[in-house]
Amino acid sequence: MRRFFENVPENLWRSYEWQIQNRIKTLKEIKKYLKLLPEEEEGIKRTQGLYPFAITPYYLSLINPEDPKDPIRLQAIPRVVEVDEKVQSAGEPDALKEEGDIPGLTHRYPDRVLLNVTTFCAVYCRHCMRKRIFSQGERARTKEEIDTMIDYIKRHEEIRDVLISGGEPLSLSLEKLEYLLSRLREIKHVEIIRFGTRLPVLAPQRFFNDKLLDILEKYSPIWINTHFNHPNEITEYAEEAVDRLLRRGIPVNNQTVLLKGVNDDPEVMLKLFRKLLRIKVKPQYLFHCDPIKGAVHFRTTIDKGLEIMRYLRGRLSGFGIPTYAVDLPGGKGKVPLLPNYVKKRKGNKFWFESFTGEVVEYEVTEVWEP
């Protein structure tokens, strides 16, 4: 289904370039498609200088115009709460302290580094952890800036894993993308290259380009971390994009963010993860929403996340259950969270809660040692 765009020829609809060139970016444009709520209209007006708005025709087509609480709509259309100081005072622009001495480079964990290579996004998601960069304009890192990042990685031989993010890293020109990957592959201690991309969700047409896939395959091993938040985002186009990546030997993992009003429902999450497994995408993380200024209204309680994790157990295969994690403030790293299944302990005896809620006694006898 191509809601709103039924008259667009299929060859154009399948064009990534057409999707980007025809993004809806103004109040006047979006009102052609949606009857905006007062808080949305005011939100678009008041966020433009701070948190700009843009949405691809493809992602817009997934919105049910009759539902003001549509989960795609909530992720893509600004609301005035984003600039409500009373609400957003609990957040920080850079709560995870990503900014360092080298622009765009974050070296938090000893063996891996994050490269933010562009501020451009196909869609400016309203819950984005990097909303602070929205107002910087749409620009990619220059080759000189990339070279500075590469030199840093060369000097730090403990780095074996490079995560390329943004903005949207796979929006880079093919020429610049190949330059970046070729420079990284010159470094012998770099073993893994990952992309954090939401294009399979927002503009899956990007992966209908064989030249892009040729480049990614050429510099294998490449891993894709994508970001489906709701089952409505898994369409035939998204499935085709994932399939094209997998056929090139590029694994695809998913990192979902727990968002109030979007997916803070156990049944919604179960449906999402089941659909991801069906298209061969592994649910890797369920992230608790970060305290980012401009996105605080999307946060739920930790108890809600634990409730969802408890619900998934017994209803979903183990490899389909993501790790629920909190990103600690100040760049202190991720902490995994699990419901407490140990209800009681006495010496070597434990009482565990099963997935059905039954409490079962379990005794650990002496461990034999040779």
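Including glycine, each Cβ sits where the backbone N, Cα and C put it.
Per Swiss-Prot, the feature domain 'Radical SAM core' maps to 107-322.
Residues annotated as [4Fe-4S] cluster binding site in Swiss-Prot, with sequence analysis given as evidence: C121, C125, C128. A coil conformation is recorded for C125 ([4Fe-4S] cluster binding site) in the three-state DSSP classification, outside any helix or strand.
Annotation comment: Swiss-Prot describes K334 as N6-(pyridoxal phosphate)lysine. For K334 (N6-(pyridoxal phosphate)lysine), the same-chain residues 6+ apart in sequence whose C-beta sits under 8 angstroms from its C-beta are A325, V326, D327, L328.
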Report the member of C121, C128 (the binding-site residues) whose C-beta atom has the most other C-beta atoms within 10 angstroms. C121
As a test of the contact definition, list every same-chain residue at least 6 positions from C125 ([4Fe-4S] cluster binding site) whose Cβ is closer than 8 Å to its Cβ. Q75, A76, R198
